[in-house]
Amino acid sequence: MPGSLPVNTESCWPKDVGIVALEIYFPSQYVDQTELEKYDGVDAGKYTIGLGQSKMGFCSDREDINSLCLTVVQKLMERNSLSYDCIGRLEVGTETIIDKSKSVKTVLMQLFEESGNTDVEGIDTTNACYGGTAALFNAINWIESSSWDGRYALVVAGDIAVYATGNARPTGGAGAVAMLVGSNAPLIFERGLRGTHMQHAYDFYKPDMVSEYPVVDGKLSIQCYLSALDRCYSVYRNKIHAQWQKEGTDRGFTLNDFGFMIFHSPYCKLVQKSVARLLLNDFLSDQNAETANGVFSGLEAFRDVKLEDTYFDRDVEKAFMKASAELFNQKTKASLLVSNQNGNMYTPSVYGCLASLLAQYSPEHLAGQRISEFSYGSGFAATLYSIRVTQDATPGSALDKITASLSDLKARLDSRKCIAPDVFAENMKIRQETHHLANYIPQCSVEDLFEGTWYLVRVDEKHRRTYARRPVMGDGPLEAGVEVVHPGIVHEHIPSPAKKVPRIPATTESEGVTVAISNGVH
């Protein structure tokens, strides 16, 4: 058929395409959810038990989506001693829009200036919390295409999740994840194993162009999330079953075939319910499921329920959450470290879960495992796909390196500063009043930011934003942070138009000696 390709093109693809390195960034301050319950005057446990959240990271007016992404990209490049020359594609997934035309990706290109590398494909991708996954799939597809030039792809997912005062506010958060994508990766995307579901709904959306706050239909949002999970899992199971049949194995796929399961996490309790939901899918698809004992023990009464009738059935939910408790503890709970401690990061949420998993298990434990990832973005778009971890867990291996790079994750979370709820509320008020302003100088201090964090210096009268980086103790001049470490491709250096914009130096001693960068002429 015209436009189609033969199936036997496997030998043409690069080997083991996937995630080579991963970096995560979250704000240096948080509000305690127990204290927030008291401050908001709600019942004890509403946020901590009902939502499953312990702490919520948040940004001051010193950080925006550009600064979050600048920080996480430079940290990934520095930690892995990478040259900016080795990046051939850079794509950003975000729903935090501060400019309706200029992309975050173009702001990040300032980090590439010293290398002279401007031959970098990709742009921003947006659909609620799904944008990071779409960007990641685009990167995988680029490497497996005729357009690939042998260099890495860099995928960035970042967001600032804020809500108006009320029930939704404790489900906020902020952060960014950067992923280096290439061949011979330790985290390999299983080709052909994606179950996707796309549908129209007004479950969560942001129609007000001057507000950061969404319009949310809470009940519909939960139904959309769970129905998408049902559909994606069904499509995924059909695809892997078809693959197995071609390989001579004819059996059904169940959750036991996943070593770990991670999910987009608006809040941790929904993830726990999602594991229960998948077990319900397994139960209903197996007409011979043993209910006298085992994981399905005592569930015979639910044999004839219909999935579409059970989204808000408390009896079904309670029974399957109990039945799936051990499954959740073994395969999912560890992945919720960042979600529980930092909140919902929107596009990077599911990849924060991946980072949490990698940070808490040894390479030997992870080797050879199949990890399922469920990504969901309101509106709505969802995919369930799987990653196969390499078998090579030897010291110095790619798997050893990626887990070692995340070994300080819990310590970084513990090093953050706890902020009182009233100060948090004041920060939210400042953001609401100033996030869209021109000719604005941020009010909050940079002293509480982590070392190496990029921050907003000012917004000029034309809405052009200027950034600086908080120095890293022990480093030399800040310019060294973006120098070429391992130049591999010779480029003609093309001066960036951003350099024509006057640099705005730090105005106070507390801001330190920094190199400021601007997003240039709009």
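Any Cβ shown, glycine's included, is placed from N, Cα and C.
Summarising the annotation, Swiss-Prot assigns (3S)-3-hydroxy-3-methylglutaryl-CoA binding site to ASP43, ALA44, CYS129, ASN167, THR171, SER221, HIS264, LYS273, ASN344, SER378 and lists similarity to another entry as the type of evidence. The active site, proton donor/acceptor feature in Swiss-Prot is assigned to GLU95, HIS264; the stated evidence is sequence analysis. Residues or ranges marked as active site, acyl-thioester intermediate in Swiss-Prot: CYS129.
Here the C-alpha separation of ASP43 ((3S)-3-hydroxy-3-methylglutaryl-CoA binding site) and GLU95 (active site, proton donor/acceptor) works out to 32 Å. Contacts of HIS264 ((3S)-3-hydroxy-3-methylglutaryl-CoA binding site) defined by a Cβ separation under 8 A and a same-chain sequence distance of 6+ are given as CYS129, SER349, VAL350, PHE374, SER375, TYR376, GLY377, in order along the sequence. Less than 8 angstroms from the CB of ASN344 ((3S)-3-hydroxy-3-methylglutaryl-CoA binding site) sit ALA161, THR171, GLY172, GLY173, SER265, PRO266, TYR267, each of them six or more residues away in the same chain.
In the shown protein chains, 9 other C-beta atoms lie within 10 A of the C-beta of ASP43 ((3S)-3-hydroxy-3-methylglutaryl-CoA binding site).
Secondary structure at GLU95 (active site, proton donor/acceptor), taken from DSSP and collapsed to helix, strand or coil, is coil.
Across ASP43, ALA44, CYS129, ASN167, THR171, SER221, HIS264, LYS273, ASN344, SER378, which the record gives as binding (3S)-3-hydroxy-3-methylglutaryl-CoA, the greatest C-alpha separation is 29 Å. With a 10 A radius on its CB, CYS129 ((3S)-3-hydroxy-3-methylglutaryl-CoA binding site) counts 31 other CB atoms from all the protein chains. Over all protein chains present, the Cβ of THR171 ((3S)-3-hydroxy-3-methylglutaryl-CoA binding site) has 20 other Cβ atoms lying within 10 Å. DSSP assigns CYS129 ((3S)-3-hydroxy-3-methylglutaryl-CoA binding site) to a strand in the three-state reduction.
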